[in-house]
């Protein structure tokens, strides 16, 4: 017995006592070890990161002196700027990933039976994420945060609903004007209220996420359409017996995803913090303090994730009257309810997106409108838009998407690929949502750095420009290859010797990444730890976590992919 325990290892023995492998956790087929199936894990990793950093920031945040304590965190607390900027962008990336996760699940039919309740809770999680981010965004007491409070205040009061004023007082206390008060008790009343709501919503997010996780483990990830083309789409317990148990393979793969996600969350904002001329809505640094002379020249914007709503309130009705707050709120509520009830409104039993043409048209148009209205809201804030302008901007996408979806062939030839745990043949996606996200971030970062380098040709801007340029070229080539109809790359024909060679390359790749990460780790301790220059250490740590995540991905390939 003792010999068996030594062979199994201490960790295996502990997990055996806990009954992890007997727990009702989803067993995963080989082909699902693809980032597109794990977007929910990336959202969860972002959520966990924002909670951890938020707890540290809470130690230094003073509601009565919100803006001053924020500046203290940036300029005086060791690695405070790294914590604050990455906390902010952790929520930003969580929102982006939540949207990508939602639309990906729609196109894959993952909202259909038996996952209806999972979809409903997912939509509620997105709404709570936006709400928690709104209150957190306003805690800084900069002009943008206070303007966001005022916009929300005016929108709710303007509905004229009985009790609207009481609801506003319940949410915002004394209102945004309290941020301008010279009395710290008045300021504290506002920001204590905002902080309270921020924490409450994060708590509700955590509770609902646990329920969402339980539902996802109940039926597992939605199988590929080539495996289960119709509802109900899930693997039976008998089928799951052939797949990989949660420990250790799922744990290893998820760990790599967490590290890569955290690396991105750390690297992106700390890089952007060193780029001048960024749009104010995505700048990691706070805007000028509300009520300060510098704030007068700042264009009022809501958080970027509410820019679509910001533009919507600029719309004029056909009679030339501005859209009313009650109509705006009604549109949002009705849209949210329809989105939640989508599993019950779509009667089709097929998971193929080409057999769900009406809802594919609606959801694709929604995705385009979210982006289009957000960009429009940033470029032309507060400009009243007549019906003719609305038709000019919103009409073409509606028609073009409708024509494409209608003409898209319904039938599609697919190849059947074995999903047993012993089958190492995997069809690789040509491009994943994560690659698109990283490509967009890299390309935008390159464009901003290039613009900044032209204006301020400093050494650091030139150094940053080179890797960003190479990454942008690579990302654009990948995306263009996909758009122009490039064929997916498959590893079905891989021989045992080729897999063996790749495993050897992976082994030496792990060693190389480990050595590079050690060098970067040593470098990090030589970089400034206080003030804005601490962002260099933040970028360094982000790269280290990315390298560790990639190394674990290579380890996963070397250990678990069978020859």
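Positions of Cβ are set from backbone N, Cα and C atoms, glycine also.
Under the heading transmembrane segment, Swiss-Prot lists 36-61, 81-104, 119-141, 193-220, 255-276, 326-345, 358-379, 387-409, 436-454, 458-476, 505-527, 539-557. Per Swiss-Prot, the feature heme 1 binding site maps to 87, 198. Positions annotated as heme 2 binding site by Swiss-Prot: 101, 212.
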As a test of the contact definition, list every same-chain residue at least 6 positions from residue 212 (heme 2 binding site) whose Cβ is closer than 8 Å to its Cβ.
118, 121, 122, 125
Proximal but sequence-remote residues of the same chain as residue 87 (heme 1 binding site) (Cβ under 8 Å, at least 6 apart):
49, 50, 53, 54, 57
When you look at the transmembrane segment (255-276) alongside the transmembrane segment (81-104), do they share 3+ Cβ pairs under 8 Å, ignoring any pair fewer than 6 residues apart in sequence?
yes
Cβ packing number for residue 198 (heme 1 binding site), 10 Å threshold:
22
Between the Cα atoms of residue 198 (heme 1 binding site) and residue 101 (heme 2 binding site), find the distance and write it as a whole number of Å.
23
For the transmembrane segment (387-409), what are the same-chain contacts with Cβ under 8 Å, counting residues 6+ beyond its ends?
315-318, 354, 357, 360-361, 364-365, 368-369, 372, 376
Enter the number of other CB atoms within 10 angstroms of the CB of residue 101 (heme 2 binding site).
22
Using Cβ distances below 8 Å and needing 3 or more such pairs, separated by at least 6 in sequence, tell me whether the transmembrane segment (193-220) contacts the transmembrane segment (36-61).
yes
